Amino acid sequence: MVLQVDFNFTDRRGRDEPTGEVMPLTKSILQGIKMGDKYQRGKAPKEDIKKPKKKKKNEFESYHPSSMSQGGSLLSAESNNELMGLYKPRTQETKQTYEAILAYIQDALGDQPRDILCGAADEVLMTLKSDKVREKDRKKEVEMLLGGLTDERIAVLMNLAKKITDFSLEEDRNKYDNQDEIDETIGVNVQFDDSDDEADGGGAEGGAE
């Protein structure tokens, strides 16, 4: 019995097409080919590394009391002796908030002496905390002191002023006036003992004569 191959069910390949079988490397195959001829140099793929963007601080973060406590302070860390205005913070929280207000005013006015910054802070707090100044007029009053301000910056300043809970200008002014009176009276020491003794001595000598 002879088996015949049905070529309809077999793969039809050309003579030169590879079959996938391992073939020996003959001279005819290697002729004209050198090692490295098919090498291609390409650029290494670039990794798409995105640098983290620096977060831009908004106005509220720039003048937040907590950020002011971490950075440089315009006031002494121990006492309020360096404060030249009428208002003296009474708590650590209000002191940090007052530092933020001074930094805000310094940014608006530039480098100014401490007494000018503290005086401007007193005026700003008086304006923002006064019941006599209408809400819509407060921005105008503050801009007369600090110059033109955006709505965001004036909102920051008003938010800081609300955190000053121990502000009482009348009380602070009375303390300031009383301190001036004390400074004028302290150290005045009038002595009449020597003159009285001399007068008594002169009278005694006259009586003896």
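Quick reminder: no glycine exception, Cβ is built from N, Cα and C everywhere.
If you check TrEMBL, you get these features:
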REGION    1-75  region 'Disordered'
COMPBIAS  9-18  compositional bias 'Basic and acidic residues'
COMPBIAS  35-50  compositional bias 'Basic and acidic residues'
COMPBIAS  64-75  compositional bias 'Polar residues'
DOMAIN    94-147  domain 'Pre-mRNA-splicing helicase BRR2-like plug'
REGION    188-209  region 'Disordered'
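The helix, strand and coil residue counts that DSSP assigns across the domain 'Pre-mRNA-splicing helicase BRR2-like plug' (94-147) are 44 helix, 0 strand, 10 coil. For the domain 'Pre-mRNA-splicing helicase BRR2-like plug' (94-147), the model's average pLDDT works out to 88.
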